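> Here it is, the structure, as structure tokens.
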Amino acid sequence: MQRFAAKRSVQNISVSLWRRCISSTSQAATASVKDSDEFQARLPPFAYTPPPYTGPSADVILSKRKEFLSPSMFCLYRKPLNIVDGKMQYLFDESGRRYLDAFAGIAVVNCGHCHPDVVEPVINQIKRLQHPTVLYLNHAIADFSEALASKLPGDLKVVFFTNSGTEANELALMMAKLYTGCQDIVAVRNGYHGNAAATMGATGQSMWKFNVVQNSVHHALNPDPYRGVFGSDGEKYAKDLQDLIQYGTTGHIAGFICEAIQGVGGIVELAPGYLSAAYDTVKKAGGLFIADEVQSGFARTGNFWGFEAHNVVPDIVTMAKGIGNGFPLGAVVTTPEIAGVLTRRSYFNTFGGNSVSTTAGLAVLNVIEKEKLQENAAMVGSYLKEKLTQLKEKHEIIGDVRGRGLMLGVELVSDRKLKTPATAETLHIMDQMKELGVLIGKGGYFGNVFRITPPLCFTKDDADFLVEAMDYSMSKM
């Protein structure tokens with residue numbers, strides 16, 4: 001197999017380089033798929049044809065974005081896509097071309113795009129009442145909070161609604177500090193928790209951290225079985241956490257926030273045994289365990305919650321993304337005792353618990369149960385992971401295949417022994433796969449990990465097509 005000879009420094013990656021890696025492909029690695037007609041696989045049949053698109057072209061939209069929207073916004077792919085329609089696990093561009101969506105709006109559209117059993121109740125609600133404020137009674141927020149609490153273990157029964165994962169994590173961190181009377185928060189390197197003040201502090205990647213005050217956050221070693229200093233030894237990483245608390249704090253902390261699988265960080269599974277050992281350490285230090293389920297929640301990993309695979313029960317659970325299938329919705333769920341801290345002052349969120357969003361949330365829970373999407377995520381995810389692992393044996397550029405359910409990562413390296421990030425090659429393969437009709441995400445500190453987080457209605461036929469497109473694209477490097 002071809003071994004990619006390019007060597008890149010893995011000590012650091014500048015923000016400007018990282019942004020270029022996200023939004024465009026380098027000249028050296030960029031090429032159109034001139035021979036895509038050689039690709040024999042075809043998208044699985046799908047009984048939906050979108051109506052003709054009559055809106056502005058991609059060029060017009062791109063021009064408006066550049067003129068009127070923040071320069072911090074960027075697009076995937078060398079030639080940005082104008083997506084105008086979606087149905088279940090497929091997206092359609094302005095020409096009507098169908099794409100297999102293996103990114104789901106960044107792990108958001110768990111039920112599938114425009115799922116009729118989500119759309120219909122939302123339309124009915126929005127026709128009747130859009131936003132009454134939670135200062136009045138309305139059944140939508142009450143019904144959803146009851147259903148959501150039933151999905152969580154133990155005394156995790158009190159729900160606070162927000163509009164995003166960042167908001168949810170900000171609230172959780174504040175509650176932990178109020179409840180314990182401590183200020184120190186412990187997080188994990190390479191984790192991502194949001195882009196506001198406290199969550200930016202908890203995030204463990206420099207490219208997401210602006211030069212603003214970020215107090216009292218300590219970052220433990222990342223328990224990454226592939227790149228971590230202790231490999232798969234969860235106990236050694238847990239000992240590092242213990243030492244960090246003992247020597248870097250007063251010995252007492254407010255809380256520990258952690259993803260069950262790191263999403264933005266590159267679909268990194270935690271080393272076996274780490275989270276349960278970390279839980280014990282945190283409790284001994286008087287802290288609360290905050291489970292960040294923004295990406296791994298709502299059946300994506302084959303468990304309903306990612307933390308369930310680690311045999312721990314958190315004190316606070318945060319969620320967003322898949323909770324609303326695309327509607328702006330997030331939540332914090334905790335115990336009645338911890339929830340009581342917010343009665344010390346006035347706490348309010350204008351749009352948190354909006355009747356349309358919570359109607360969507362309840363519909364999502366119903367669809368997941370009715371269509372057995374959790375079981376499908378486990379079954380199809382296991383099948384896809386096996387296929388990707390087989391692909392690793394064929395292509396030297398694949399350094400690691402990881403994840404659970406339909407939250408999978410494929411890390412690309414130019415040298416397996418040195419684990420040199422194949423960042424440019426990752427972009428090139430993504431672009432080729434797009435030309436073949438497959439959309440995937442990317443992440444990881446070096447931008448060299450494919451993030452495969454499709455809608456949970458993804459089928460084995462879809463998985464086969466994705467793998468064939470990836471195989472073909474890699475073979476053309």
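First residue shown is number 1, and so on along the chain.
Cβ atoms here come from the backbone N, Cα and C positions, even for glycine.
Swiss-Prot lists these features:
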- Gly165, Thr166, Tyr192, Asp292, Glu293, Val294, Gln295, Thr350: pyridoxal 5'-phosphate binding site (BINDING)
- Lys321: N6-(pyridoxal phosphate)lysine (MOD_RES)
- 1-22: transit peptide (TRANSIT)
> Hey, does DSSP put Asp292 (pyridoxal 5'-phosphate binding site) in a helix, a strand, or just coil?
strand
> Same-chain residues six or more away whose CB lies under 8 A from the CB of Lys321 (N6-(pyridoxal phosphate)lysine)?
Ile106, Ala107, Val108, Asn110, Gly165, Val294, Gln295, Gly297, Phe298
> Among Gly165, Thr166, Tyr192, Asp292, Glu293, Val294, Gln295, Thr350, listed as contacts of pyridoxal 5'-phosphate, what is the widest Cα spread in Å, to the nearest whole number?
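That value is 25 Å for the farthest Cα pair.
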> According to DSSP, folded down to helix, strand and coil, what is Thr350 (pyridoxal 5'-phosphate binding site)?
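Reduced to three states, the DSSP call for Thr350 (pyridoxal 5'-phosphate binding site) is coil.
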> Measuring CB to CB from Glu293 (pyridoxal 5'-phosphate binding site), give everything in the same chain under 8 Å that is also at least six residues away in sequence.
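Non-local contacts for Glu293 (pyridoxal 5'-phosphate binding site): Glu259, Ala260, Trp305, Gly306, Phe307, Val317, Thr318, Met319.
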